[in-house]
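See below for the structure under consideration.
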Amino acid sequence: MSNSGKKLTQKLKKNLPVTGPQAPTLYELMQWYCLNTNTHGCRRIVVSKGRLRRWIWIVLTLIAVALIFWQCALLLMTYYSVSASITVTFQKLVYPAVTICNLNPYSYSKIKDRLATLEKTTNQTLKKIYGFTEPLIRSKRDLDVNDENSTEDIFLKQIPLFRLESIKGNQLVVSDLKTKKRTQISGKVIQRDAGSVQDSDNMVGFKLCDANNSSDCTIFTFGSGVNAIQEWYRLHYNNILAKISMEDKIAMGYKADELIVTCLFDGLSCDARNFTLFHHPLYGNCYTFNSAERGNLLVSSMGGAEYGLKVVLYIDEDEYNPYLSTAAGAKILVHDQDEYPFIEDLGTELETGTETSIGMQLTESTKLSDPYSDCTIDGSDISVENLYNKKYTLQICLNSCFQREMVRSCGCAHYDQPLPNGAKYCNYEEYPNWIYCYVKLYKQFVQEELGCQSTCRESCSFKEWTLTRSLAKWPSLNSEEWMLRVLSWELGEKLNKNLTKNDLGNLNIFYQDLNSRSISESPTYNIVTLLSNFGGQLGLWMSCSMVCGLEIVEVFFIDSFWVILRQKWHKLCNWWKNRKENEIEEIPDITVPAMAGHNNPLCVDHPICLGEDDPPTFHSALQLPQAQDCRVPRTPPPKYNTLRIQSAFHLETIDSDEDVERF
């Protein structure tokens, strides 16, 4: 009985193996765990076929376990450290670049010889318009304004000035200021001042016509003769400056030690050597404090009026051009070191005889590029060439685009903007039609017909300083006398007159505090958030992790691909087998038909074939029939059921499947 019981137990163990904690060996226990656990990855180690797949899943599972231990260790260390963090930071802001320009671009004593004829013509024109009898400029200009014969009328020929008297239909009745003849003119009217041409009498203007087509004209009208003369004067002024070399223009401008009298920064003394020359086409010699060309940038350690830049500027109002600069003072612009100072558009003006205090607040803005916005990072993806050699800005792109169109349409470059390679500045002698071309092109630019506004895009990052300005009378009555004496002594030989407070301006520019504001864009839904949300949904509803995702990839992409490939292979093999069988069945089964009588070729001249009743004799039986010239169909090859060609294909298919499973 004992032997039979042992045999029964062994048979049960063989047919029904014990699993789980009752497994007899550690290998069987691990195998059972991997087959029944909810931990992803372990089951794939057991069920995967092929050593390569098995080792891949072993490595992935071990890496996941190592990451879990590492992260848990960090969490435990952080939890049991029982520490509190206190952060105290002392911030220092880089002091921005400050560009300072005199509103008068050139000393009149240095440029008067080049502008003498233009100034005479302008002065005489004003006398004709308003009937002045006294000289309109001071005698120190050394101009004989009463000698009309000495004044050339070339400027009035190029751009004729007129007085608008009346309107008849679509034509204007004007009085030419040179010939005093009344004529009717027609063309496109551009009103540069507020109001309407129909509602204004005695308006002043000038006419620009195409040199190649005199009937194509543009008429500019102004409600005030001051604005008309200034606009007319500036057109001729730019034409004269376009023919002067850069070296001569720098020599005619103000030097740093002439413009800057005293300087303090952060409580320390500075001088003209801390300023960098920057020549502006409209304001002449300007000077930039804390420029990147000086090397290390200065920083502000504290906020407040005592820790900024303090300068006293010598304006020298007596050297002002009366028709170009009608306001006296200076203009400043706060900007980043790698930005071009568009001081004519963004600058802040300083008055003479006052102390101007400007508090700054820095704002840094950063926008997201494509696909969140249409901004550009550095302008490299813009088709417009940067003519300023500075950091890309929208204003740089627009000006460069207009200058490019100016060179393409008019053949020359405008004086107010940088010169492109291979181009020349416009002047009457070489390009007599440039002013009309410029006015027409600028109108198209303003109306966004040149495509510059659609081509140029905003920069994704930029810095902006918000300025708060306050004014005070400077110097005071009690301190005026001694301060002017001291400053006159410091100017020394540069000063050839008695100094007054209207010749000076005091500037104090500083950070209000060292708190900068940062405005940045961030995507509300990025790839990290997307993956986290996907992982949360899969873990909540399917208890699925990253390893589970890899299992899905293996089954639904890799294994499914091989299953479909095997199915296609089986179909191909079956098609090949059926094709071979069909080829065998198409061969016809040819047999010799039974023929009797004279239709049988073997019975020719035979007694039996002749139908004779008597049996053949021995002699007639020996007479064999002659061979007939006829082809007897050959017997087809036999069909052997033992030739099983499909079995060979079946064996190849089995081998191929085994090869696939080995992967």
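Glycine is no exception: its Cβ is also placed from the backbone N, Cα and C atoms.
For Cys375, the partner cysteine in a disulfide bond according to Swiss-Prot, taken from Cys437, Cys452, Cys456, Cys460, is Cys460.
Here Cys286 is paired by Swiss-Prot through a disulfide bond, and of Cys72, Cys101, Cys452, Cys456 its partner is Cys101. The record in Swiss-Prot lists a disulphide bond between Cys437 and one of Cys401, Cys410, Cys412, Cys456, namely Cys410. Cys426 (disulfide bond) has Cys410 nearby among the disulfide-bonded residues Cys263, Cys397, Cys401, Cys410, Cys452, Cys460, counting only those with a Cα within 10 angstroms of its own Cα.
Counted within 10 Å of its Cβ, the other Cβ atoms near Cys410 (disulfide bond) come to 19, all protein chains included. Its own atom aside, the Cβ of Cys460 (disulfide bond) has 20 Cβ atoms within 10 angstroms in the protein chains shown.
Counting only the Cα atoms, the space from Cys101 (disulfide bond) to Cys263 (disulfide bond) is about 15 angstrom. Long-range Cβ contacts of Cys452 (disulfide bond) within its own chain (separation 6+, distance under 8 Å): Val384, Cys397, Leu398, Cys401, Phe402, Glu405, Phe445.
In this structure the C-alpha atoms belonging to Cys209 (disulfide bond) and Cys375 (disulfide bond) are separated by 40 Å.
The average per-residue pLDDT of the prediction over the topological domain 'Cytoplasmic' (1-55) is 68, rounded to a whole number.
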